[in-house]
Amino acid sequence: MAISDMRRQYSKGSLSESDITSSPFSLFDQWLKDAIDAGIPDPTAMTVATVDSTGQPSQRIVLLKDVSDKGFVFFTNLGSRKAQELSVNPKVSCHFPWFFMERQVRVCGSVEKLSVSENAAYFFSRPKDSQLAAYASKQSKPIGSRALLLTQFKQLKDKFANKALPVPDFWGGFRIVPHQIEFWQGGEDRLHDRLEYNKAEDGRWSTQRLMP
């Protein structure tokens, strides 16, 4: 299959210095709203990249569950590969691919764990079957078959049919605290727009345009 000639022209918008806000989170909020309003499937999906102790990177897609001036929040099993790697090396990068809008956002930073109360607030907001799934799956561990997983899920569902589940101690959230955020808008003839925010030690953000 020949793929070297697969390409398309980008023409849906531009990104100029007049679009810059003092905080990158204001621009991110607007872009996220645009993605949601456009009906893009899974607009909160982001790829999170981590690195293990040997320097080997790995990536996976998770869902953004909160964003504020503090950073970007996601939740996971604390025994998962990503959580284990973040416990050794908290440096992380995430990426939002809004292809329909011809936009991307790239974030670099470090993670911090959420508090017990923050974890509980989100856990209890989830549908009960999602809560059960957190218990049924020992994320990233081998399992003999899908049937075994479904059996474990059903056993838990029967056990907790009439009672609430406690917040699992092996599950929780991370906040990506960024020091760099890049906004990318596809442009005609591959002359894309790239605006990068960088955070100084005093907490203020500066911006610069990058060549495509």
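Here the Cβ of each residue, glycine as well, is placed from N, Cα and C on the backbone.
Annotated substrate binding site per Swiss-Prot: Arg7, Arg8, Gln9, Tyr10, Lys65, Tyr122, Arg126, Ser130, Arg190, Leu191, His192, in sequence order. Among the features that Swiss-Prot reports, FMN binding site is placed at 60-65, 75-76, 81-82, Gln104, 139-140, Trp184, Arg194.
Mapped onto this structure are the features recorded in Swiss-Prot.
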residue	record	Cβ within 10 Å
Gln9	substrate binding site	11
Arg60	FMN binding site	14
Val62	FMN binding site	17
Leu64	FMN binding site	18
Lys65	substrate binding site	15
Phe75	FMN binding site	20
Arg81	FMN binding site	15
Gln104	FMN binding site	18
Arg190	substrate binding site	10
His192	substrate binding site	18
Ser140 (FMN binding site): secondary structure state under DSSP, collapsed to three categories: coil
When distances run from the Cα of Arg190 (substrate binding site) to each of the binding-site residues Arg81, Gln104, Ser140, the nearest one: Gln104
DSSP-derived class (H/G/I helix, E/B strand, else coil) of His192 (substrate binding site): coil
Cα within 10 Å of Lys65 (substrate binding site) - qualifying binding-site residues among Phe75, Arg81, Ser140, Arg194: Phe75
Local Cβ density at Ser140 (FMN binding site) - other Cβ atoms counted within 10 Å: 14
Cα-nearest neighbour of Leu64 (FMN binding site) within the listed binding-site residues, Arg7, Gln9, Arg126, His192: Arg126
Nearest recorded site to Phe75 (FMN binding site) by CA-CA distance, among binding-site residues Arg7, Gln9, Arg126, His192: Arg126
Rounded to the nearest Å - Cα separation of Arg81 (FMN binding site) and Arg7 (substrate binding site): 34
Recorded substrate site residues Arg7, Arg8, Gln9, Tyr10, Lys65, Tyr122, Arg126, Ser130, Arg190, Leu191, His192, farthest C-alpha pair in Å: 43
DSSP three-state assignment for Phe75 (FMN binding site): strand
C-beta crowding around Arg126 (substrate binding site), within 10 angstroms: 15
Fewest-neighbour residue among binding-site residues, criterion Cβ within 10 Å, set Arg7, Arg194: Arg7
Nearest of the binding-site residues (Arg7, Gln9, Arg126, His192) to Gln104 (FMN binding site) - Cα to Cα: His192
